[in-house]
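To start, I am sharing the structure in question, which I have written as structure tokens.
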């Protein structure tokens, strides 16, 4: 495999692969292009590219102005793969027309001409320019007189500097700079024009710029110039020539007083629509000029004193362009060559011919007329590379082709040598005999040793092959074909064997099966016993791929028969099954038809014929019945409110298989539906049709009232009515809303209120005259743009009892610790506005009440413990009751301050004495800081090592006795107790316990240890 990363390298590689084993003459891959070389270029090197393919590999030579360049004699020239490299090029030595000549053993071809030009821009002469003096109102022309430059005006840009750089002259209707001459034209001089003018010339190839010496412009003192008619000072040539597709620019500018107006027109026609006027209409620009733009153009300059006109002809030419090129040709010696090349162009091209890069002239056998080259009775000397040149005054194009002359004795390809042909009786036989030779050979045939005579049954075809019709045993034997021409002869031999024809039996001939069943097709061949047979199975003309058919097909082969097993048949397996038997002599085949019955295919597109608020009339086309008649159809619908597709009620109830339309009924109004149809036959139910387009049923008066109408808690004097909103599925149209009707129990007239939101689920009626818990009869109805729908059943609900009206009393706040305050209160029982709970608000002394934090209780609780408070801080607290209707009034604020922080100092200098299971402890008292709580006593905490729960002994002294009840090691700590809580604990003491057992020694063992912040190890 070859991977190409650069498309520019693709073409030569392809040619190399294709032509590496074929000999052929040179063909250009790349020809040299015109080049402009800047004389001030740092490169100092010119490269003219030329590349050709051919086999053998071509060599290269170069011509300058028609003369071959002697590359070896000038060190400045070198060749790199056909390209010409010129070092240190100079205009004097190297400008001109270059052509590449490439050659191999088959001939030579000449490239197109490439022009090498040199770009430069000379300097203005330093001579001082004379002042130009004119009257005010007079026209003036300031000459640029540019220095020598190359190339011409197309690559030069002119501009003028006024007084000093970079103040440039702005062109307008009064001032114009010609890009043809470089001159500055002022149609009417004003006092503001007085100054110094410098012409700036830029070469766009080299980007060089040069400035002229200044030309002073002054005003004369002998008066102002009077008005005069326009005088055209700048105009395009009488004949303008342009290549098709280029941009044409024609200049026209006039002097005059008043300043003339310039206008353009195409004589005897309209200005091209693409034409544009530039520089205050002084330049007519025609982009992408075409032949139809040719013609006479008129420029008119006009002012109040008169007018002046100039006319010139625009001629559009085209370069030659090939319509018909040459093709490589091979001819037998003695044949006639006729080559024709055709090209278009304006002016019409003429033709020249080259052979191997040199001009070809008419001779005895050679004739050239209008692009046609004819050579009579070609011979080997005519072989070579030919080129047709089509040229007009604007350019030349080249077409190349190779002429090969064939002259060889007869030879036969290897695949025709010593062939054995086997056929069956009655067949047509063609024994090939096509020798390669030039000129064409004479063919003779023999059977055995006798020359074969032609008959109605045996004929020699024009190209030399032998044809035998209706072959029989008598045609068996050895056949010889001989080809002869002036250069020699050759022959081939073929043996013909005639066999009995093969016959085939395929059973069964026609089968009908149901999806899921299986079948075996049997194919037997009756054939000549000397020949092997091969069996092939096809379905609808395509070979069966036994590996890719999912195990449905299996081929069972024997010597002269083959069975095809088809398991678990699907609908897709229906069709024509073919068995093809092939021997060395013939091929025979037969087919059987397999029909598969299955569930119906999907019906055709469902069309909504008519729509109402609750019905849709639908039609469809029947799908494939798959060889079992459709017995009935099922109509299904889907809406945004359904769980997938649902069967809908229809008229008629049962849609028989011969029907193609039905009506879906009991649909909901103003709901978007899709419909589909499913067909059923005796085999089963098929796939559904494609869904219909989405349609919306018509609007109707709503029929579904809200459900679960009930009352809700509210404020005093409010009647709160709630319900479950009606789903959009049952709103039946736009403009859906609710009608809330209510009346005090036992009264007759209903009061009705409209709720316009379809999502609403509550209505609040407020009346200061309505006492709390007044019973009302309530019902809620529905409506939309089509009208009013039904009301819900009447229910009785009561007006709200309202929020609590009394504030809690006897509110007390008790500080429990550094972070806890207990709040307690009492509530006066009310018949209305019963509380559901209480809310306690609390805030620091330095804060506003609005910043209060709040905590709620539920039920009838009358106290709450506030935790997480700051120590030694004064808090203000209020309590108020609440229920679903709102909050009651707050109590009068009470105050409480949290305790000071517990002491941070731990008990120190702990001493302990152990006597059996008793441990006597003593420590120094804790002295709290000023901002810490006073010490009220001490706690001794002790636990067995490995356990988490400690036992506590409280004392107001600085000593205690601890009983260690069980054997083991105990951990003991001591801390101070204060209003603010427990202080910092002492370091832990680890004490072993013997549970009062007598020691081995007679005297008691007394251990005294002193701990100052940590236990000091025992020392002897």
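Going from the start of the chain as shown, residues are counted 1 onward.
Every residue, even glycine, has its Cβ placed from backbone N, Cα and C.
A TrEMBL annotation is a machine prediction, not a hand-curated record.
When I checked TrEMBL for this same protein, it listed these features:
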type: DOMAIN; residues: 32-117; note: domain 'Ig-like'
type: DOMAIN; residues: 134-212; note: domain 'Ig-like'
type: DOMAIN; residues: 230-310; note: domain 'Ig-like'
type: DOMAIN; residues: 320-404; note: domain 'Ig-like'
type: DOMAIN; residues: 410-497; note: domain 'Ig-like'
type: DOMAIN; residues: 501-589; note: domain 'Ig-like'
type: DOMAIN; residues: 602-700; note: domain 'Fibronectin type-III'
type: DOMAIN; residues: 705-802; note: domain 'Fibronectin type-III'
type: DOMAIN; residues: 807-901; note: domain 'Fibronectin type-III'
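Tell me about the setting of these features in this model.
For the domain 'Ig-like' (501-589), the DSSP counts in helix, strand and coil order read 3 helix, 48 strand, 38 coil.
Mean pLDDT, taken over the domain 'Fibronectin type-III' (705-802), works out to 92 on the 0 to 100 scale.
Per DSSP, the domain 'Fibronectin type-III' (807-901) is made up of 3 helix, 46 strand, 46 coil.
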Considering only the recorded stretches 134-212, 602-700, 705-802, 807-901, state which has the highest number of Cβ pairs under 8 Å to the domain 'Ig-like' (501-589).
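Looking only at 134-212, 602-700, 705-802, 807-901, the most contacts with the domain 'Ig-like' (501-589) come from 602-700.
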What are the DSSP helix/strand/coil residue counts across the domain 'Ig-like' (410-497)?
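Across the domain 'Ig-like' (410-497), the residues distribute as 6 helix, 47 strand, 35 coil.
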Mind tallying the domain 'Ig-like' (320-404) by DSSP state, helix then strand then coil?
3 helix, 53 strand, 29 coil
